[in-house]
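The annotation compositional bias 'Basic and acidic residues' is assigned in TrEMBL to 176-185. Residues annotated as compositional bias 'Low complexity' in TrEMBL: 186-202. Residues or ranges marked as region 'Disordered' by TrEMBL: 176-203. Among the features that TrEMBL reports, transmembrane segment is placed at 12-31, 38-57, 63-86, 98-120, 132-152, 218-239, 251-272, 284-303, 315-337, 349-367, 379-401.
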Amino acid sequence: MHLPPREDYFEWALRAFYIAYITFEWMSLLWRLVPAHIYVSLIVLSWGVVASLQAVVTSYPLLIALRVLLGIGEAGFTGVPFYLSFFFKRHELAFRTALFISAAPLASAFAGFLAWLILWVGENLPIASWRLLFLLEGFLSIFVATIAWSVVPDSPETAAYLTPRERKIARLRLRHEKEQQHSREQSSSSSAYKTKPSSSSPGLKAKDVLAAFKDPKAWLTAFMFFLANMAYSTLPAFLPTILQEMGHSELQAEALSVPPNILAFVMVLLVANMSDHMQSRSPFIIMYALLSASGYLLLALARPSEGIISPGIRYFAVYPAAVGFFCVVVLIIAWSVNNQPGESQRGGGFALLQVVGQCGPLLGAQLYPDRDAPFFETGMWACAAAMFGVAVLALVLRVYLVRLNRRLDEDEGTGAEEEAQGLVESTGRAERGFRYML
């Protein structure tokens, strides 16, 4: 298919995807309302079918329609970290989220290699290379959807790959985490603490979901995610173009885009594991946001320092930029889920995080116009400022959470009866013993 001769037609094909993707971010709540094995199979199948259909599209309106459907299908995947919170403790969530999110740099690296391979093979094939790429991606997803139905568990109690004993342990270890939160108060207070039994039954309380939209913590995290996503979604997409503008051929650019993503994949897992081990998020977010900002700053200074900053140095600067924003995105997601005390609030806070945060790519896509080639100063300066903003907001949120934890300490010290009633879902207040993760 040949696009009509208007410069913005390709951009609108991208925008159609993101508009649908953002509009349907509320679908992350469905992870708690629909059995996971059904939900995962449906969204993977729908994504694969729509992706494959792009290979046979013959008109621009049909392309836009398919891009909208693709955005709706992909919006369903963003709730995976919320789903993981049903299985893992708070201090285990970053690494598990990293295993999911790190598929992005790994996929970017693989996509770069795959694009290079298809460009090379497609030169002698009767089908256009881009059509072949869509067909391969779509068919693989359809195959995975058939497997997901029997593999993906709905909850620890229904995991087919666990023995009955292991399922019981998986359920009790989450309950044990709550009991540990109460142990200090039970030993120092004469009144017994009443706690709600944990339940794994599907369902969310609308009042608690909406309460998250009034929570300053949720909004601060969402704006951090928005800024981080400006960089997270744009550099991987535009990196081959930037490398071509540095003087590399199309095939060389695709090959050179692989190493930064491989390094980011490894670092995301290491940093997330360290964050879980230390049960802390903000120091790592601040550190890696500043690391990413430094990489973007070096790229932004390339034009004023032309002759000093060589193409090799510019390529080297891509590494801290990519490693930084990939690590930051993972930790922001985990931090958001960590700091909502109730499951319904976690769902609401996560939906807010995604709706606000996924507007970042919509803005980021406008930061690299062709007229800015080969240095793309506007985009580099904007992303450097955005990552610096993430570091500032993370520091602000940390200070705010320290104050909230101090207030919880003072409230529990009074021994008031209403503070000993456990986590109250209907009011969204933190249970006794709960502390916000810093």
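Just so you know, glycine gets a Cβ as well, placed from its N, Cα and C.
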Segment proximity, the transmembrane segment (315-337) to the transmembrane segment (218-239), 3 or more C-beta pairs under 8 Å: yes
Tertiary contacts of the transmembrane segment (251-272) (same chain, 6+ residues out, Cβ under 8 Å): 94-95, 97-99, 101-102, 105-106, 108-109, 112-113, 115-116, 119-120, 236, 239-241, 243-244, 284, 288, 315, 318-319, 322-323, 326-327, 330-331, 334
Interface present between the transmembrane segment (132-152) and the transmembrane segment (284-303) (three or more C-beta pairs under 8 A): no
Stretch among 63-86, 132-152, 349-367 sharing the most Cβ pairs under 8 Å with the transmembrane segment (38-57): 132-152
Positions whose Cβ lies under 8 angstroms from the transmembrane segment (315-337), at least six residues beyond its ends: 81-82, 85, 93-94, 97-98, 101-102, 104-105, 218, 221-222, 224-225, 228-229, 231-232, 235-236, 239, 242-243, 246, 256, 259-261, 263-265, 267-268, 271-272, 275, 281-282, 284-285, 288-296, 298-299, 346, 349-350, 353, 357, 383, 387, 390, 437
Intrachain neighbours beyond the transmembrane segment (349-367), with Cβ under 8 angstroms and 6 or more residues off its ends: 11, 14-15, 18-19, 21-22, 25-26, 28-29, 78-79, 81-82, 209, 212-213, 215, 217-219, 221-223, 225-234, 237, 332-333, 336-337, 339-340, 376, 378-379, 382-383, 386
